[in-house]
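Enquirer: Pasting the feature list from TrEMBL:
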BINDING   HIS65, HIS67, HIS109, GLU111  Fe cation binding site
DOMAIN    33-126  domain 'Pirin N-terminal'
DOMAIN    179-283  domain 'Pirin C-terminal'
Amino acid sequence: MSDSGKAPSFDRPRLVVKKILAKLQREGDGAVVRRGIGRSELKNLDPFLMLDDFSVTPPAGFPDHPHRGFETVTYMLQGGVTHQDFAGHKGTIRTGDVQWMTAGRGIIHSEMPAGEGTSNGLQLWINLSSRDKMIEPSYQELPSHEIARAEEDGVEVRVIAGESMGVQSPVYTRTPTMYLDFTLKPGNEVHQNIPGSWNSFVYIIEGEGVFGIPNSSPVAAHHVLVLGPGDSVSVWNRSSSKLRFVLIGGQPLNEPVVQHGPFVMNTQAEINRTIEDYHYAKNGFEMAKSWRSQ
């Protein structure tokens with residue numbers, strides 16, 4: 001048994017209020033994703049806009065495409081992805097690595113598999129507040145060995161953002177966010193505090209677990225579990241195999257969301273200006289006409 005973070009309070013445990021199976025769909029150029037957030041059953045969960053569990057095998061991938069108005073967090077579970085953008089930033093993230101990209105006023109980039117075989121990971125889109133939507137793009141990159149981790153009583157956590165089991169991530173989150181990767185050995189449980197005002201959800205990567213209350217039914221891999229109000233969540237692994245899941249929470253922005261594909265703003269007029277900026281290569285997209293990934 002492990003108590004994550006500070007001494008947990010169970011006055012208001014969070015329960016599962018919605019369960020969604022992330023179904024397979026095609027995305028990019030031949031890639032396959034399981035989309036848990038950003039689909040008809042769950043369009044968004046403020047401040048989260050999308051969650052994809054992606055799988056890509058060469059020559060498939062995500063060729064040149066733009067973003068504006070939010071952040072993307074790419075967490076590699078297996079293999080590698082090579083990223084390059086129109087500002088000259090290029091690099092490869094591999095198993096266990098994280099890239100936290102703030103698109104801000106505009107990025108055009110590509111994300112393609114590195115090497116042979118299938119690469120698999122999670123990509124989360126986090127909305128930016130109206131005051132941050134037009135900031136300059138930036139990156140935070142964490143190689144696997146630099147991700148804070150802790151292990152106790154059959155529970156391991158990798159802290160991508162936020163804090164758990166006494167360890168804290170160095171990642172700066174413009175939109176306050178927690179992103180925890182838990183692995184529970186059979187017969188173990190974990191209790192994690194979550195700020196009471198935040199929205200939160202779980203995505204099960206592997207195995208099955210009991211979430212919220214001890215007598216609820218086990219839930220299997222590839223489900224998104226939206227958690228209701230409260231200040232903590234409890235999870236039990238009663239199976240004979242390991243359970244791995246991510247627990248993600250964030251402070252809601254409570255702002256209008258107007259989305260047009262990879263552009264997310266607050267009004268339709270801002271979306272129209274964004275489309276114009278992209279088309280005419282201005283206001284952050286100046287290199288759009290001349291740049292192509294290699």
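Cβ atoms here come from the backbone N, Cα and C positions, even for glycine.
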Enquirer: Other than HIS65, HIS67, HIS109, GLU111, which residues of the same chain sit close to Fe cation? List them in sequence order, counting a residue when its Cβ is within 8 Å of the Cβ centroid of the site.
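Expert: Surrounding the site, in chain order, are PHE62, ASP64, PRO66, THR72, HIS83, ASP85, ILE107, ILE108, SER110, PRO262.
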Enquirer: Averaging the per-residue pLDDT over the domain 'Pirin N-terminal' (33-126), what integer do you get?
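Expert: Per the prediction, mean pLDDT sits at 94 for the domain 'Pirin N-terminal' (33-126).
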Enquirer: Mind checking which of HIS65, HIS67, HIS109 has the fewest other CB atoms within 10 A of its CB? They're the binding-site residues.
Expert: HIS65
Enquirer: Could you give the number of helix, strand and coil residues in the domain 'Pirin C-terminal' (179-283) as assigned by DSSP?
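Expert: Secondary-structure composition of the domain 'Pirin C-terminal' (179-283): 12 helix, 49 strand, 44 coil.
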Enquirer: Measure from the Cβ of GLU111 (Fe cation binding site) and count the other Cβ atoms within 10 Å, all protein chains considered.
Expert: 27
